[in-house]
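Presented below is the structure to which this report refers.
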């Protein structure tokens, strides 16, 4: 699969462990691709839920996906600062159709004031039983929550204000071409 280039638009598809489609984002603009990572932006992007409901993202958001980490990061740029929504998820896979990953329910939300919350623990436990997550998978996911929290606490990558500013500026430049 040929990597998308800066300024290209891609579709993102989130699946559940049982293979069912969970959510789709249309027209995410690619800002950078490397061998292991894709950085993009959603801005008034159409999102379709598995039940057919549709909505549009409200604010620009820098999205970060990696082939080695079991999480992805959404930095939502708001008037009062940046908030984050982090999905504990499989490393991404890219094919001709979309960037794809498996969503494993656990989420970390960081508010503009820095407060952090681990979300959907009950949903994770329920799906772990229902979809038979292996002990190895459970271990990997929990270890990557620790890695994610370390990134947050140390302002690494997308959790750096400079990172968000650089990629938002690049998005504005590409959008206004």
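Yeah, the Cβs are placed from backbone N, Cα and C, and that goes for glycine too.
Given the structure is predicted, the values throughout are model-derived calculations rather than measurements.
The feature active site, proton donor is assigned by Swiss-Prot to 23, with sequence analysis given as support. Secondary structure at residue 23 (active site, proton donor), as computed by DSSP, is strand. Cβ neighbour count for residue 23 (active site, proton donor): 16 (other Cβ atoms within 10 Å of its Cβ, all protein chains included).
The Mg(2+) 1 binding site annotation in Swiss-Prot covers 87, 103, 107. Close to residue 87 (Mg(2+) 1 binding site) in the fold, though at least 6 residues off in sequence, lie 14, 71, 72, 74, 101, 103, 104, 107, each with a CB less than 8 Å from its CB.
Mapped onto three states, the DSSP output places residue 123 (Mg(2+) 2 binding site) in helix. The Cβ of residue 123 (Mg(2+) 2 binding site) has 13 other Cβ atoms within 10 Å, all protein chains considered. Feature annotation from Swiss-Prot assigns Mg(2+) 2 binding site to 105, 107, 120, 123; the stated evidence is sequence analysis.
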Most Cβ neighbours inside 10 Å, all chains, among the binding-site residues 107, 120: 107
For residue 103 (Mg(2+) 1 binding site), the number of other Cβ atoms found within 10 Å of its own Cβ: 19
Residue 105 (Mg(2+) 2 binding site) and residue 23 (active site, proton donor), distance between Cα atoms, whole Å: 12
Additional residues around Mg(2+) 1, ordered along the sequence, whose Cβ is within 8 Å of the centroid of 87, 103, 107: 14, 71, 72, 85, 86, 88, 89, 104, 105, 106, 120
Proximal but sequence-remote residues of the same chain as residue 105 (Mg(2+) 2 binding site) (Cβ under 8 Å, at least 6 apart): 88, 120, 123, 124, 127
